[in-house]
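In TrEMBL this protein carries:
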TRANSMEM  50-71  transmembrane segment
TRANSMEM  83-104  transmembrane segment
TRANSMEM  110-131  transmembrane segment
TRANSMEM  138-157  transmembrane segment
TRANSMEM  209-229  transmembrane segment
TRANSMEM  269-289  transmembrane segment
TRANSMEM  295-313  transmembrane segment
TRANSMEM  334-354  transmembrane segment
TRANSMEM  360-383  transmembrane segment
TRANSMEM  390-415  transmembrane segment
TRANSMEM  427-447  transmembrane segment
């Protein structure tokens, strides 16, 4: 007889769990099977809110300078080359940081990852007020851009707290609301600047005082994260270190991510959805200011629309991924991502060809933004399934791909490059071509038990075979593989609705019932012996 869920210490047996108060069920790893935004008594929901607000704030700081560039460039007498260099520095800083923070999440947990980044980057945000030359703006934008690596903690935390059945939607919502900061900063920074200027401060002083706002937000959120959050549904990493987690070899975890080709394909592709968003955030206000003669405030409002689409579009991409996964398994998730990103590339080409009308440019930009951000959500609907052991490293590498893609794109198409000099409009066209070309590499992705976009699954392959391949026999003997085994069982729905129903029927249980958790417990117990 299989022992009860409560006796096993997970599911309804999670300490403090109250189904009536929380409003959602838990899976075999104590991950939430749903998200109710106002249930703050749940550690899952607190982690969700602290995660996206921290990422939101890092975005506000990272692109605050871009929102004020028309004023800053006049004050500091910057050339187009200076502005291009600072824009590239703004996204380059987070490339290595995203990989490092992924390893940190796997080692000490996302809570310390978020708080640590906020506290480390806050001084550079305040120092923006002290810039006097080209070197200063490049250095400050470089360090403020590092803050965007919080995105990795954001996605890792969601994947740790929420079950595979809803992780695509939750990841996308958490990331999308964070990305919203890129649009909000285009809106609020010019308004903060105008307010300070109207209070009697000279214009070249007002923009410097404006950076006190995001700097203060960094410090506040760091304290809230340390005081009110925990790393996992089962407690903090510090407590879990006393058990199996302390024995895991970090080098092997890193190698498991590096050896998996799916990590690299998704890293490349994320460079041409999130990387595109970073690029547009860097150029959009100046583009409207210069191309259509708008004031700084109006250009900021119009430019903010691109980022504000994150309010729902990234979530829509995650939802599309989850729906595709529900009915067609991993193949459905991949096709959802492919279609969304391919359409984004086509719309970038259109955007570069409607520069003669403000209304047409805004209309195309809105639709373009919707597909770009939906593609981002769909990408991170796939990322959690690459490797359970190396989830943090994979999330970090894919996230770093976004910054790398933006740096490459800006250097090729939007910097004042004598060898490849082109207008912003031509840059948008060629960026669209590159997006579409890179997206085609998604056809190479394949999971043995689930197949790929164009390839069938191997009938003899299982999820356990795939996820346990990251662990060597000694680690399996020490039961370090158990979380990967549990995840493998929870992810069987990626076979597609029909195949998953067949699996559940063979085990004589109803999908979604408590008995399905019992079947998982049986399989875990059998495979770990």
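Positions of Cβ are set from backbone N, Cα and C atoms, glycine also.
Just going by CB pairs under 8 A, the stretch in 50-71, 83-104, 334-354 that sits most against the transmembrane segment (295-313) is 50-71. For the transmembrane segment (334-354), the neighbouring stretch richest in Cβ pairs under 8 Å, chosen from 50-71, 110-131, 360-383, 390-415, 427-447, is 427-447. Between the transmembrane segment (390-415) and the transmembrane segment (83-104), three or more CB pairs separated by 6 or more residues in sequence fall under 8 Å, so the two stretches touch. The transmembrane segment (427-447) makes no contact with the transmembrane segment (83-104): fewer than 3 of their CB pairs lie within 8 A, with pairs spaced 6 or more apart in sequence. By the count of Cβ pairs under 8 Å, the stretch nearest in packing to the transmembrane segment (209-229) among 50-71, 110-131, 138-157 is 110-131.
Most Cβ pairs under 8 Å with the transmembrane segment (138-157) belong to 83-104, among the candidate stretches 83-104, 110-131, 269-289. Outside the transmembrane segment (269-289), and at least 6 residues removed from its termini, the chain residues within Cβ reach (under 8 Å) are 63, 66-67, 69-70, 83, 87, 90-91, 148, 179, 182-183, 186, 295-296, 298-300, 302-303, 306-307, 337, 341, 344-345, 348, 358, 365, 369, 372-373, 375-376, 379, 398-399, 401-410, 414, 424, 431, 434-435, 438-439, 441-442.
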